[in-house]
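Feature list (source: TrEMBL):
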- 15-38: transmembrane segment (TRANSMEM)
- 58-83: transmembrane segment (TRANSMEM)
- 95-114: transmembrane segment (TRANSMEM)
- 126-149: transmembrane segment (TRANSMEM)
- 180-199: transmembrane segment (TRANSMEM)
- 219-238: transmembrane segment (TRANSMEM)
- 317-342: transmembrane segment (TRANSMEM)
- 354-376: transmembrane segment (TRANSMEM)
- 401-423: transmembrane segment (TRANSMEM)
Amino acid sequence: MSHVMMARALFGITLGYHIAYATISVGAPMLIVVAEILHLKTGQEIYRLFAKRVTMVLVLLVGVGLVTGTTVAVMLSVLWPGFMKTVGQVINLPFQIEVFAFMLESLFLAIYIYGGQRLSARTRIISAGLVSVGSGLSALLITDVNAFMNTPVGFQWVNGRVTDAHPWQAMLSPAMPTELAHVLVSAYMTVGFVFAAIAAKGLLKRGITKVERDYHNKVLRLTIIFGGVMAVATAVIGDASGKFLAHFQPEKLAAAEGLFQTTHHAPLVIGGVVNAATGKVVGGIAIPGLLSFLATGSLSGQVTGLDAFPRTTWPPLFVHSLFDVMVSIGSFSIAVAGVYVLYLWRQRSMPRWLLWTIVTTGILSMGGIEDGWVIAEIARQPWMIYGYLHVSQAVTASGGISWMFGGFLSLYTVLLAGTIWALRVYFRKHPLPTDGMSCSTETSPVKKRGVSA
């Protein structure tokens, strides 16, 4: 493996681990807010209990996410000094502002946890809401740097050097609106389906009590509807992202869709394997004109193909398969949520096959968000900063990446194993009926104002 490929692989694994923790850390606070609102409206303690249990997951993953996030920052400096030099001159503001977003998240997470039952219902909602705002801002600010990498603005590039930098303009790059919205909503979708999978798995257990069944049914209803709505929103934003790519990064769209020739009435090819030698997608299903419609809004619109660019700047062509996987996961998730709602509307009990499908969807949704980030980064190759800085120009000249690879891979494995162990220990010691409050579906008085001792 070459020096550049080793650096890419190490950073990719580092980022992949962090994304898993960060996704839950961004999405879980919003789920807590929804649960707290439902508790306020209905008075049912199940929603309060669910919020508490999600909070315990959040606390652990925020802690581990600090470690993985710090590692990402270190890796950027160690592996990609050429990139960090440019970023430091042009778009360092998001990194600085993100510190305050994290402080907001941490402060109100502490208030929410340690205030507990002493806080009124509305105060808990406000606290959880500010946690969600803080975590969302953290994600958006870091993603803003990635948006800059895709559509760099706010500076002049003279003889390989940055001049006339405008940091605020750099933060408002063309990719920012769609990329930030896509990241945030897809995180909500993923968290919804992950917790729906946990609830479905609980319902699949033999011999569960009525209390446990009531809890899991309520949680499943909340989470899968939440995840389904966010999945639809993700698809809508994804459509906007496709139109953005057609205008600003046409070779990325062409590689993802397997389009070699610039053409009108461009077909959307579903599935298949890209054959670079023949310039075709083998085994795919082509829908005439649909890619033109999705990219331009017209069935006869022109879509730029890979033939418009030097072959040396083509992204790896396997991104077409990765893109198909991502779209399939999103479509499957929407379909599963729709089937669940149909059974709910008809007031029928959920069959075991559907519950197992929901469990599978939770796993797939996390894989889908990882796949999406892989596509976003791989399809920008060979550029680190699109149109300005190649990956090979940004990588460190220092050796020793191979031993770093083994060391950090061991660290991530230990962190993952430790996270799973800690979650299992907590929930084994805090089973549903004895988790500090009743699981009853009966309504209880809700303290709406003031703080009790």
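The backbone N, Cα and C atoms fix where each Cβ goes, and this holds for glycine too.
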Checklist entry - Taking residues 6+ outside the transmembrane segment (180-199), which of them lie with a CB under 8 Å of any CB in it? => result 22-24, 26-28, 30-31, 54, 136, 139-140, 143-144, 147, 216-217, 219-220, 223-224, 226-228, 230-231, 233-234, 237-238, 240-241, 333, 358-366, 368-369, 372
Item to check | Beyond the flanks of the transmembrane segment (317-342) by at least 6 residues, Cβ under 8 Å | outcome: 189, 193, 220, 224-225, 227-228, 231-232, 234-235, 238, 255-258, 269-274, 276, 281, 350, 354, 357-358, 361, 364-365, 367-368, 371-372, 374-375, 378-379
Checklist outcome for this item: Best-packed against the transmembrane segment (219-238), counting Cβ pairs under 8 Å over 15-38, 58-83, 126-149, 354-376, 401-423, is stretch 15-38
Checklist entry - Given the transmembrane segment (401-423), which of the listed stretches 15-38, 58-83, 126-149 has the most Cβ pairs that are under 8 Å apart from it? => result 58-83
Item to check | Distal contacts, the transmembrane segment (58-83) - CB-CB under 8 A, six or more residues away | outcome: 7, 10-11, 14-15, 17-18, 21-22, 24-25, 28-29, 32, 105-106, 109, 113, 384-385, 389, 393-396, 398, 401, 404, 408, 411-412, 415, 418-419, 422-423, 426
